[in-house]
Every structure is written in structure tokens, then in C-alpha cells.
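Taken straight from TrEMBL:
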- 6-26: transmembrane segment (TRANSMEM)
- 38-55: transmembrane segment (TRANSMEM)
- 61-81: transmembrane segment (TRANSMEM)
- 146-169: transmembrane segment (TRANSMEM)
- 192-210: transmembrane segment (TRANSMEM)
- 237-323: domain 'Wax synthase' (DOMAIN)
- 285-305: transmembrane segment (TRANSMEM)
- 317-336: transmembrane segment (TRANSMEM)
- 357-375: transmembrane segment (TRANSMEM)
- 387-413: transmembrane segment (TRANSMEM)
Amino acid sequence: MDKRQYQTCTHLVICYTIGTIIQIALITTTPKGSPLRYIGILCLIWIVSLIQYPVQSPSYFAIWTSNSCAFSVFWALNHLLIKPKDGNDFIDANGRPKDFFSRLGDATRLVTSVRAINTPQQAKNTPSWPAYYAQKDGKKISRARFLTREISIGLWQYLLLDVLTFMLMKDTLERKESGKNIVFGTEWDFPATQWVELVIMNLVAWLVAARTSISSLYRLSAIICVATGIWPVSDFPPLFNSMSDAYTLRNFWGKFWHQMLRLSFTGVSNFISRDVLRLPKPSLVERYINVFLVFFISGLLHLLGNPVQSISLRQSGAMPYFLSFVIGYMIEDGVASLWKQIRGSRYTEDLSLWQKTIGFCWVFGWIGVSSTFYFGPQIGRPECAQFLVPFSILNSLGLPATSALLVVGGILLKLKFKIEI
């Protein structure tokens, strides 16, 4: 591809920043129902159209920034139109409107705090604070203690992402040389051994690479904001819950996985299902229409982020991947309902070890297979491979030394900071 057709990471950051400023300005300076708010939404959509180009050697940060630009459209729909906020909503303890700069600060917090931490609207299933931070005397978590733990974990995560990048690039180049790349929509008849390999790769991609990448960016922003005093420690609870919760597909996405998209997506889906379609609540139709809409929006978000990785909208498998979970939820709910009927009076919400084991097999099996839609277009294509770290420590220390440091560091973190999986 001609270099003139590539965009830079700086271009992505500028577009994202402009979109954020537009939202903050509209919340602060325009009344609810203002035509300027509708124009603002159109401007955000236009900004998304400006970033539908690949980045050479795309970093995870570039992909995250691209997705954030698309996400801002749905987030803005919520606080500009669906559940609008304006300057009059920002009041002090005495019920008086705040001054302009205070309103500006509150609007910035509204736009950037996508889980609405420490507000009545806080996203459901936001993780509780780790046991390490438990205080016997009831005092708040100190900034020094928070920064020490988060920086230590962040450094270890960097090493992990460095090793994962090395392994990813090695596998990608080997697949390209051997011709084992997958073309989405044309190749599904794999040998059993290759399916096992694909399932393992897909699970590692979600449970290790994606989770660590997302967590590390969140952790970096938390460290910067807390260290500089922009926001307090209390605004940065953990991003992911324990993997032990992921024994159903609903729990995987609704509890274990980060909830940064929850308020935005459910706000839009509820508006469509209840206000536009006027579906009765609660009802089975309303429930699954909401499920469909949330996963459709999620698929659209990730679809719009694919061009950054040199994956065209036509090649992308994001939409079929995320929409597959609508079917998965239906199967899961059907089995749960049948089991409840079979058990009758003996039914209990508490699941036994064997039931959870079956649940984990179901979840990991579904995600492991269906992720081929999503990751298939990337396999065996070096131009699509993500660089998870900006520079490599592994290249200096070597794989054995880096791996040893990773293992020892993980053990020390577990003992000292009580980290959980």
C-alpha cells in the first residue's frame, strides 16, 4: 500500500481529542434539545470517517484510540440526546449552579468516566477494590500505596505484552511462510489439530493479550491521573472482575469483562427498544432485542476499528463474531430454563463445581471457535499484527531472561500485592 494512504497514530489522537472537546463544549454551553447537539453528533460521525485508514505497524494504543473515536458517537448520543446533560445539571452542595470552569471540569469527567464511577449511574458489576487495599482503620486508600501497587503491576504487564508481541510476530511470520493464513468466509474445513490450535490461540488472544492490553492502558491512565492529582484514587477501581465468574456467556461479558461500554450501549439499546419500538418491559422480545442491539453496536464499534489494522470493512469478521453471542445467549438461557424445570423444587441458584466446570467448557468452547470470525483475517498477515508495546525489553535481555523475570515477578506480585486472576 502507498505510504500516503497510511495514517499516523498522532492523527488518531488528534481526531479523538477533537471529538472529546466537541462533547465537553456542547454539554457545557448548549441547552438540552439544542440543534447544535445534533450537528455535534454528525461531526463525531464525520471524524470516525476520517480515521478509516490503516496505520503502519499498528500498536494496541492506535487500535484503542480508533475504537474510542467510534465509541464517542454512542456515548455522546446518551449524554447529549437520550439522557441529556447541560450546564444547569452541575450544581454545588447548596444547589446553586457551579461557575463555568467547574462546569467544564464536571463535563470533562462525565465524558471521560465511561463507567460513571462514584455516581448513582455507576456501571453495574464494576469490580470492588482488591483485598490488598482493605483498611482496618477505615481510612481512604493512600495515593502512595495505590501508585506503588499499580506501577509494579504495570511493569509486569509490560513484560508480558512484550513476550506476547514476540510470540505473535513469530507465529504470524511462520504462518505467512507456510501459507497457513485464514481467509475469512472461505476456509473453515480445518483438520482437528488445527482447530485445537486455533481455539487455544483465540482464548489466549482474549483472556491474556486483550485483557492485559486494555488493563495496562487503563492502569497507565490511572497512574498519571492519581500521580498528578487530577482525580482521586477512588475514581479508579479495577477494570476486570475475576475470571472465576466467567462460567456463562452472560457472566463473561456482563461481569468478568470490563464494563466500559455498558452504559453507552445499553442506553442506546434501551432507547430503541422502549422509546422507539415501545416494547413492553419486562418481556422476552424486549430482552433479546436489547441483547441483539448491544452486540450489534459492539460489532459495529469493532468493525470501524479494523481498518487501522489493514483489515477492510469487507474482510472484517467483527459483526458475525459479536452477533454470534445473541445465539449463544439464547442457547444458554434455554438450557438454564430446561434445567430449572427438570430440577423442580430441588433447583437452586448456587452452582456446584461440576456445573461451573461444564459452564467454563461451554464459554471457552464458544469463544474459542467463534473468535475465528474475528481473528481469522489477521492470522498470517504481518501488516495486521498488533505491536502491544512501543519498544521491546525482550530484544535486549533475550527470551529466556525475560521469561524468567516474568515468572519471578508474577510470584512476587501475587505474594506482595495479592493480585487475582
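Heads up, the Cβ atoms here are built off N, Cα and C, so glycines get one too.
With pairs at least 6 apart in sequence, the transmembrane segment (317-336) and the transmembrane segment (357-375) have 3 or more Cβ pairs within the 8 Å limit; the two touch. Residues of the same chain lying 6 or more positions beyond the ends of the transmembrane segment (6-26) and with a Cβ under 8 Å from any Cβ of it are 34, 36-37, 40, 43-44, 47, 50-51, 53-56, 59, 61-62, 65-66, 68-69, 72, 75-76, 79-80, 104, 107-108, 111-112, 308. Same-chain neighbours of the transmembrane segment (192-210): 160-161, 164, 168, 171, 180, 243, 364-365, 367-369, 371-372, 375, 379, 388, counting only residues six or more beyond its ends whose CB sits under 8 Å from a CB of the stretch.
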